[in-house]
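Novice: Can you keep this structure in mind? I'll have questions shortly.
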Amino acid sequence: MTADLRLYLVTDPGTDGLDDVVAAAVAGGVTCVQVRDKHATTQALADRAGALRTLLPPGVAVIVDDDVEAARSADGLHVGADDVAPSVARAALGPGAVIGWSINHLDQLGDDTQLAACDYVAVSPVWATATKPDASAPFGLPGVRAVADRLAGRLPLVAIGGIDRDRAADVIRAGAGGVAVVSAICAAPDPRAAAEHLRRVVDAALGETVVPR
């Protein structure tokens with residue numbers, strides 16, 4: 001499938017009623033969901049991804065973080081610099097899977113083999129974030145611009161790390177085609193309202209017409 005990456009929700013395993021939060025966020029405008037839990041078993045990740053795949057509309061991609069086998073129950077896989085290589089993931093999951101790759105330095109964009117295996121690239125983190133305290137040094141907005149320039153439109157670019165509704169437009173204007181968030185939605189008192197606001201901000205920054213909901 002082709003994933004719509006404009007508003008990309010990364011799940012927080014500590015969120016109470018996670019399925020309800022995700023469903024509300026999608027109703028508010030989230031376009032893609034990543035199931036992330038570094039401490040879960042493969043079976044638990046597969047079960048969670050499968051449940052969300054059943055719950056959510058077909059056009060909303062469900063992506064699993066860093067577990068090739070669990071990703072077979074979803075629409076695709078997201079990998080980072082210390083995970084399995086995108087080319088290995090592509091070979092395992094086939095041409096129909098959505099494969100995303102988080103980079104933490106510009107030199108990674110010189111690996112054409114890995115880029116060819118990807119459907120999108122994520123720049124991570126843009127700013128420091130409490131949800132991933134062991135992340136590499138933040139890119140900042142200049143780093144997002146540099147990555148976008150290097151990609152030159154070859155692949156969609158998603159920005160993640162410290163992004164909220166006050167920063168989302170700046171990231172899009174720096175060259176990202178979508179924003180990924182965790183706490184901006186998962187920790188919000190009203191996840192649907194938080195998603196609606198973020199979606200309006202992102203769509204406006206992309207120069208698009210907001211989809212009525």
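The first residue you see is number 1, and the count goes up from there.
A Cβ is built for glycine as well, from the same backbone N, Cα and C atoms used for every other residue.
Just lifted these from TrEMBL, have a look:
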type	residues	note
DOMAIN	7-185	domain 'Thiamine phosphate synthase/TenI'
BINDING	Q34, V35, R36, D37, K38, D65, S102, K132	4-amino-2-methyl-5-(diphosphooxymethyl)pyrimidine binding site
BINDING	D66, D83	Mg(2+) binding site
Novice: What number of additional C-beta atoms lies within 10 angstroms of the C-beta atom of Q34 (4-amino-2-methyl-5-(diphosphooxymethyl)pyrimidine binding site)?
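Specialist: Result for Q34 (4-amino-2-methyl-5-(diphosphooxymethyl)pyrimidine binding site): 24 neighbouring Cβ atoms inside 10 Å.
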Novice: Are there any residues at least 6 positions away along the chain from R36 (4-amino-2-methyl-5-(diphosphooxymethyl)pyrimidine binding site) with a Cβ closer than 8 Å to its Cβ? List them or say none.
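Specialist: Listed in sequence order: V10, T11, D12, P13, D65, D66, H78.
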Novice: So what's the mean pLDDT when you look at the domain 'Thiamine phosphate synthase/TenI' (7-185)?
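Specialist: Averaged over the domain 'Thiamine phosphate synthase/TenI' (7-185), the predicted model reaches a pLDDT of 96.
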Novice: If you count other Cβ atoms within 10 Å of each one's Cβ, which of the binding-site residues D65, D66, D83 has the most?
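Specialist: Top count of Cβ atoms within 10 Å goes to D65.
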Novice: Determine, from DSSP, whether S102 (4-amino-2-methyl-5-(diphosphooxymethyl)pyrimidine binding site) sits in helix, strand or coil.
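Specialist: SS state of S102 (4-amino-2-methyl-5-(diphosphooxymethyl)pyrimidine binding site) = strand.
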Novice: Suppose we draw a 10 Å sphere around the Cβ of K38 (4-amino-2-methyl-5-(diphosphooxymethyl)pyrimidine binding site). How many other Cβ atoms does it contain, all chains included?
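Specialist: The answer is 10.
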Novice: Between D37 (4-amino-2-methyl-5-(diphosphooxymethyl)pyrimidine binding site) and D83 (Mg(2+) binding site), what is the CA-CA distance rounded to a whole number of Å?
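Specialist: Per the Cα atoms, D37 (4-amino-2-methyl-5-(diphosphooxymethyl)pyrimidine binding site) and D83 (Mg(2+) binding site) stand 14 Å apart.
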Novice: Return the residue, from the listed binding-site residues V35, D37, S102, with the maximum count of other C-beta atoms within 10 angstroms of its C-beta.
Specialist: V35
Novice: Indicate whether D65 (4-amino-2-methyl-5-(diphosphooxymethyl)pyrimidine binding site) is helix, strand or coil by DSSP.
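Specialist: It is in a strand.
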